[in-house]
Amino acid sequence: MWGSGELLVAWFLVLAAGGTTEHVYRPSRRVCTVGVSGGSISETFVQRVYQPYLTTCDGHRACSTYRTIYRTAYRIAYRHSPGLTPSRPRYACCPGWKRTNGLPGACGAAICQPPCGNEGSCIRPGRCRCPVGWQGDTCQIDVDECSTGEARCPQRCVNTVGSYWCQCWEGQSPSADGVLCLPKEGPSPVAPSPTPGVDSVVREEVYKLQARVDVLEQKLQLVLAPLHSLASRSPEHGLQDPGSLLAHSFQQLDRIDSLSEQVSFLEEQLGSCSCKKDL
């Protein structure tokens with residue numbers, strides 16, 4: 001018994017011995033019947049060729065387009081000869097399709113005219129699938145990722161032909177994924193060498209500052225002492241919080257100040273009075 005590999009080799013040997021692969025086509029998907037009623041001849045024809053090139057589109061964007069040139073090519077044509085009996089049907093790939101990777105009988109490769117540019121792939125006749133960064137019927141237009149919002153640059157986006165890149169402010173560089181701008185790593189700072197006598201001076205300044213802090217804490221306790229006293233006396237006066245007691249105390253002080261002014265006024269009046277002696 002032959003294996004599948006041996007059968008495939010034998011099949012290609014038969015094709016090579018026959019000198020042609022036209023007879024291996026059979027009516028199937030993307031394979032069409034070509035009626036022949038005469039012999040074949042070689043003829044010339046004018047063939048269109050599309051040459052891609054880069055140009056500038058609106059908005060100063062780079063676009064890939066094509067120019068059309070014409071050249072002389074050769075092809076096999078079939079002519080009907082008078083008096084000859086029509087030959088049996090022949091088969092070939094339908095218009096818009098060609099053989100897949102040179103294999104006979106398999107018409108699975110689509111044909112796009114003009115061809116797809118910028119590494120685009122022809123998925124069906126006249127239809128291209130464009131790679132990332134390109135768009136258009138033949139993948140000839142550059143996608144501006146910075147304007148469409150597809151770019152994920154944290155600070156500044158720079159569009160390029162078929163792609164983009166992120167730019168950070170001076171002193172920063174983009175992260176590996178391009179999402180963040182990180183500070184550039186510089187040389188490690190060198191610790192300054194200690195100067196003789198500086199340690200004792202700093203220690204003395206620390207002691208002075210600590211003494212000043214202690215004095216301020218004592219003054220703060222003196223200022224807060226009356227408030228603590230008011231807070232402890234608030235339940236005695238039926239007040240709910242120290243703030244209410246403080247307001248009540250201020251009212252009492254206002255009354256005392258008013259009485260003091262009245263006493264001072266009476267003292268002035270008494271000083272201006274004089275008693276008359278009886279004669």
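Cβ coordinates come from backbone N, Cα and C, glycine included.
Swiss-Prot lists a disulfide bond between Cys94 and one candidate from Cys32, Cys153, Cys157; that candidate is Cys32. Take the candidates Cys93, Cys112, Cys116; Swiss-Prot pairs Cys107 in a disulfide bond with Cys93. Disulfide connectivity taken from Swiss-Prot links Cys139 to one of Cys130, Cys146, namely Cys130. As stated in Swiss-Prot, the feature coiled coil covers range 250-274 out of the listed 175-199, 225-249, 250-274. Comparing Cα positions, Cys122 (disulfide bond) lies closest to Cys94 out of the disulfide-bonded residues Cys57, Cys94, Cys146, Cys153.
Within the chain carrying the domain 'EGF-like 1' (108-140), a Cβ under 8 angstroms from the stretch's Cβ atoms is held by residues 30, 48, 50, 52, 63-66, 95-101, 162-163, all 6 or more beyond its ends. Nonlocal intrachain contacts for the domain 'EGF-like 2' (142-182), taken as residues 6+ away from its ends with a CB within less than 8 angstroms of a stretch CB, comprise 54, 57, 59, 61-64, 118, 131-135. Around Cys146 (disulfide bond), the same-chain residues six or more apart in sequence whose CB sits under 8 Å from its CB are Cys153, Cys157, Val158, Asn159, Tyr164, listed in sequence order.
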